[in-house]
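Taking it in order: structure first as structure tokens, then the write-up.
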Amino acid sequence: MESKSSSLPLFFQKPSGTQLLGLLSVLLVGLAVLISHQPQLNPSNILPLWVPVLVSAIVAGIFGMWIVPLLRRLKTGQIIREEGPQAHLKKAGTPTMGGLIFLPVGLAAGVIFAGFDPEAIAVALVTLAYGVIGWVDDWQVLRLKSNKGISPRMKLILQIAIAVVFCIWLALTAPELTTITFFAGLSLPLGVFFWALAGFAMVAESNATNLTDGVDGLAGGTGAIAFLGVGALALPAHPGLSLLCACLSGACLGFIYHNRNPAKVFMGDTGSLALGGGLAAAGILSGNIWGLLIISGIFCIEAVSVIAQVTYYKATKDETGQGKRLLKMAPIHHHLELSGWPETQIVGAFYLINLGLVLLSFILT
């Protein structure tokens with residue numbers, strides 16, 4: 001294995017953060033251009049998606065040049081968990097709350113590009129609401145100088161409350177969404193059970209993206225690819241929502257300029273909770289909950305790896321209270337780290353896998 005690995009080009013063994021930024025830029029712009037050249041997806045009367053992607057990326061990158069020093073002056077240094085990978089301890093003190101870079105830019109640009117479309121505004125408000133939960137959590141962590149913010153119970157209650165309000169609004173304005181459409185014309189009418197599934201998807205997605213935010217550039221990059229994928233699935237029926245997703249995708253790309261390895265800023269819960277909440281809301285509103293599941297494959301695996309680790313540990317506890325672990329550490333990106341994968345190799349692999357999932361969603365929806 002070692003000889004095979006050493007024969008790979010250096011980029012595939014240990015790419016730099018700047019190389020990964022370049023890779024992500026090519027993937028996003030290339031995908032946006034590809035979508036824009038599909039008349040059935042992006043009719044001529046709809047702005048090509050690559051335009052909002054590029055505009056938001058540039059604006060977010062510039063905005064971050066002001067926000068990062070501000071966060072540093074406000075002493076928003078990240079508290080690193082001692083039980084995490086030891087290599088991460090050197091990251092202590094890196095400013096957090098980096099979601100303040102891409103959320104204002106992505107949401108404002110998205111609503112403007114969408115012409116203040118009601119669907120875009122609704123998803124923007126959901127994204128902002130989840131971001132506020134994350135901001136409060138980040139602020140509590142910094143105020144108490146510990147790694148514990150608001151209680152998990154309170155965080156969950158707030159996440160559920162936002163999901164319930166959004167689902168009630170959807171039930172009143174778009175009751176036809178209760179039928180899930182799969183590939184080959186297959187469909188599944190769920191009736192009122194759809195809203196329970198939709199609410200669960202929003203809360204689960206928000207927490208899954210939060211778990212994914214553990215390596216420089218990982219959550220922001222995979223979130224950027226996922227948002228563009230969901231935006232493409234929303235076309236041509238939901239052009240305003242699609243433009244919002246494209247702007248959030250581009251804003252995440254601009255954020256990665258500052259978050260690439262070695263990161264100058266972390267997104268914190270401010271950004272990671274908002275990513276998942278916004279993705280889920282966009283997928284549900286556009287009637288693409290099946291496509292959302294496929295595109296969110298990386299986030300699902302991250303969440304399942306944590307659930308499996310905890311469940312297996314509890315199930316194998318002996319009389320001393322010690323259990324066995326399925327992984328060296330969860331989520332799975334930490335397992336790969338402790339297995340010898342460089343951070344940047346993990347991030348690059350996840351970017352490519354996520355792109356593959358987006359393309360798969362196009363085929364299967």
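The backbone N, Cα and C atoms fix where each Cβ goes, glycine too.
Residues annotated as transmembrane segment in Swiss-Prot: 15-35 (among others).
Same-chain residues lying 6+ beyond the ends of the transmembrane segment (51-71) with a Cβ under 8 Å from its Cβ atoms: 25, 28-29, 32, 95-98, 100-102, 104-106, 109-110, 113, 228, 243, 246-255, 257-258, 264-265. The transmembrane segment annotation in Swiss-Prot covers 51-71 (among others), and the record cites sequence analysis as its basis.
Taken from Swiss-Prot, the feature transmembrane segment covers 96-116 (among others), and the record attributes it to sequence analysis. Remote same-chain residues near the transmembrane segment (96-116) are listed as 47, 52, 55-56, 59-60, 63-64, 67-68, 71, 76-78, 124, 127-128, 131, 134-135, 138-139, 141-142, 220, 239-241, 243-252, 254-255, 258-259, 265-272, 274 (criterion: CB distance under 8 Å, separation of at least six residues from the stretch ends).
The transmembrane segment annotation in Swiss-Prot covers 121-141 (among others), and the record cites sequence analysis as its basis.
Positions annotated as transmembrane segment by Swiss-Prot, on the basis of sequence analysis: 156-176 (among others).
Annotated transmembrane segment per Swiss-Prot: 180-200 (among others), in sequence order.
Marked as transmembrane segment by Swiss-Prot: 217-237 (among others). Sequence-distant contacts of the transmembrane segment (217-237) (same chain, six or more residues past either end, CB-CB distance under 8 Å): 17, 20-21, 24, 27-28, 31-32, 35, 40-43, 46, 49, 53, 102, 209, 243-246, 248-250, 252-253, 255-256, 259-261, 263, 267, 271-272, 275, 278-279, 282-283, 286-288, 291-292, 295-296, 298-299, 333, 344, 346-347, 350-351, 354-355, 357-358, 361-362, 365.
Under the heading transmembrane segment, Swiss-Prot lists 238-258 (among others).
Feature annotation from Swiss-Prot assigns transmembrane segment to 279-299 (among others). Sequence-distant contacts of the transmembrane segment (279-299) (same chain, six or more residues past either end, CB-CB distance under 8 Å): 119, 122-123, 126-127, 166, 170, 174, 177, 180-182, 197-198, 201-202, 204-206, 208-209, 211-212, 222-223, 226-227, 229-231, 233-234, 237-238, 241, 244-245, 350, 353-354, 357-358, 360-361, 364-365.
Positions annotated as transmembrane segment by Swiss-Prot, on the basis of sequence analysis: 344-364 (among others). Sequence-distant contacts of the transmembrane segment (344-364) (same chain, at least 6 residues past either end, Cβ-Cβ under 8 Å): 12-17, 19-20, 23-24, 27, 31, 182-183, 215-218, 221-222, 225-226, 228-229, 232-233, 261, 290-291, 294-298, 333, 336-337.
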Among the ranges 121-141, 180-200, 238-258, the one whose Cβ pairs under 8 Å to the transmembrane segment (15-35) are most numerous: 238-258
